[in-house]
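These notes concern the structure reproduced below.
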Amino acid sequence: MIVQEPIQVIVWDCLNNYAYDNAIFLAERLHAEVASEETAFLLGTCYYRAGRVNEAHHLLQNMSLALPQARFLLAKCSIDLKSFKDAEKALGSNLDIVASEFGEQAPYALQLLAKIYHITERRSKAAEAHRKALSLNPFMWKSFVQLCNMGEKIDPHTVFQMNNTDFTFGVTTLVNLVSNSENISFVNSNIPNNTAINSNVTPNNATRTPMTMSTSITPETQAPIKRMHSVFSGMAPIPFSPSFGMLPMEESPVLYTPTLTDSNEQKAIPKIVNSLRAQMGQLKDAVFSPAPRCTLGPAPRRSSRLFSNNNSSYSVKENNKSPSRKFVAPKSPSRKNKQRAAKNIKSNSVEPNERNKGVETVTSTIPPKNSNGIALLNLMRELGEAYKSLAFLDCKNAIKLFQDTAPKQLASPWVQTMIAKAHYELAQYEAAAKMFAEIRKQYPNRTEGMDIYSTCLWHLQREAQLSALAQELVELNRKDPIAWLAAGNCFSLHKERETALKFFKRAVQLNPDAAYAHALLGHEYAVAEETDKALASFRAAVSIDPRNYVAWFGIATVYARQERWKPSEVHIRRALTIHPHSGVLRCQLGLAQAALGKMDRALATLERAVALDTDNPLCRFHRASVLLRAGRPDDALVDLHHLKDIAPRESLVYYLLGKVHNMLGNSHLALMHFSWATDLDPKGTGGHIKEGFDPSKQEDPPEKV
């Protein structure tokens, strides 16, 4: 006969120390002996942490689950296996009911529910679930990030604060313990058991810091608690296994330990309640910061946790739970200890009605406020404001806000990555690449943001650096989609289209939910002139992330190649609603307007594009081409001479200069620039020279770039 409770303790200890194989073996033995929901949950947890998701899902799916923790685990397994209907069924669809049923686990359950809603394109409900999760626990940073990425208007100053009445995370267990202290009963004092009260350890989060509280009373003998309080918020203790989810505390001075007999058993209850009340004022410091009474470390041995305490002088056989077991009588306390105990007992004596009043007051007025917690929320508020600006592509403001953070946070790789991304969105590829290179140097095993870094190197035409980056990332982790995106960019830069497409497909295969991977694959298809496949990839990207302006821009460029200018203009405007500060997007819009005959609007759009991005040669080139078509060659000549200085080896600049001089009647200068264009790109401009001297084609639009 296997005793259930000690085995559970050992299994959680194995899980906390990452010994998953050992934990699975023991949990399987326990479940074979006691096939209950709680043992199935424990075994499923072992399977899930060991990466055996299918086994965990099959185990829990075939049971009728009542425990919120088991339902939560089943939902996680179902999401990992893309069975979103089963996951939603396990969690429930009513947000208020989910918040009440899952207790302190509710914010995480709501996050899972929001993920299901987002994947199934119910984005309004996903936003509602994320907001509910943040209202229950303001430290749910991922929910805030998802709301920003979805384009939701959310105020960090409202989210990251303590005065939210819904926020009860971290204190529910101990508050419930005090509230229900009237119901605690004790066994006969002839059966001693040295057990401290566990207030904050749960099986669904076994790594949570145990909270040990003690008084100045020196324990002589200890009274065991017959019915332990359930750590599952709002739930009664589970029948037939009262210690499931409740692990005894480490060896430490207990809360209150007078010697109990049959005659004074009831008198001791008010004293324990008052002792609890005396310690409640220290809860604020214990919730967010490790106080002297909080310990974090490996769980104590089975013998010390379940049956003994170092402060006791009893000698009890470990597994003897018979009421008739014998033990050595305790030594008589010293006079000094007797005086100290009498003094403390006297000071803790109060009337029953005052006791009840005090418990109610503590329960209702216990805010989890602490200087460390408030400082953390202040930091999250600052970073939240900066991240919100970046998510809405107000990149200059985002850079300023990130740079105003504390020096230690500013030097962290995440903040540096966010600043580099902001430079990338501003088309400041040189600054972004420099920051990414520094991050790569200090954190060579970090891959976050390296896909953006590879795209920066692609724009800068740095073949050697991009090749080295791709090789390092692939060697680091061949199952990371970011590594294959970098490899795809590398071969795209080398004009090896088939290999680039192969690597982009590999990235999509590893992470089908990566919108950026679909967008890059679409651009490569577009360059290879496989327009149908390009459109399919771009549409897959916008279905995953409707705010992915790169994909909307890609659809617009495909339609422009097909000379379908009206849908091109529609899609480029959609991209501009997401990123209104992009000069490249406005250039594309200007070209579409010019092709539709809206010359005045096209020139105004291109003027604004140049103003937004003065250092981008593409904006000036397109403005010069539209000016030439509008019959303003002198104005176009100014832009082209500027481009000739900053891009002296660009053949299209010389080709357009030749067309301008041909329109102005400078035939010798036109011939000279056409000749230079031919020397720079013999294969690409030969036909254009003939077109430049053909009077019948003088009014045709210039070739697409």
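Glycine is treated like the rest: Cβ placed from N, Cα and C.
Heads up, TrEMBL stuff is auto-annotated, nobody curated it.
Note that the structure is predicted; figures quoted are calculated from it, not measured.
TrEMBL lists 305-315 with the feature compositional bias 'Low complexity'. Annotated compositional bias 'Basic residues' per TrEMBL: 333-343, in sequence order. What TrEMBL records for 688-705 is compositional bias 'Basic and acidic residues'. Among the features that TrEMBL reports, region 'Disordered' is placed at 289-365, 686-705. Feature annotation from TrEMBL assigns repeat 'TPR' to 107-140, 481-514, 515-548, 583-616, 651-684.
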Cβ-Cβ under 8 Å with the repeat 'TPR' (515-548): same-chain residues at least 6 beyond its ends: 121, 123, 149-151, 451, 455, 481, 485, 488-489, 492, 497, 500-501, 504-505, 507-508, 554-555, 557-558, 561-562, 578
Near the repeat 'TPR' (107-140), which residues from the same chain, at least 6 beyond its ends, have a CB less than 8 A from one of its CBs? 68, 72, 75-76, 79, 84, 87-88, 91, 93, 95, 98-99, 146-147, 150, 152, 154, 159-162, 164, 166-169, 376-377, 380, 513, 543, 546
For the repeat 'TPR' (651-684), residues assigned helix / strand / coil by DSSP: 27 helix, 0 strand, 7 coil
Taking DSSP H, G, I as helix and E, B as strand, the repeat 'TPR' (481-514) contains 27 helix, 0 strand, 7 coil
Pull the DSSP breakdown for the repeat 'TPR' (515-548) and write it out as helix, strand, coil residue counts. 27 helix, 0 strand, 7 coil
Counted with DSSP (H/G/I as helix, E/B as strand, rest coil), the repeat 'TPR' (583-616) has 27 helix, 0 strand, 7 coil
Along the repeat 'TPR' (107-140), what average pLDDT does this model show? 93
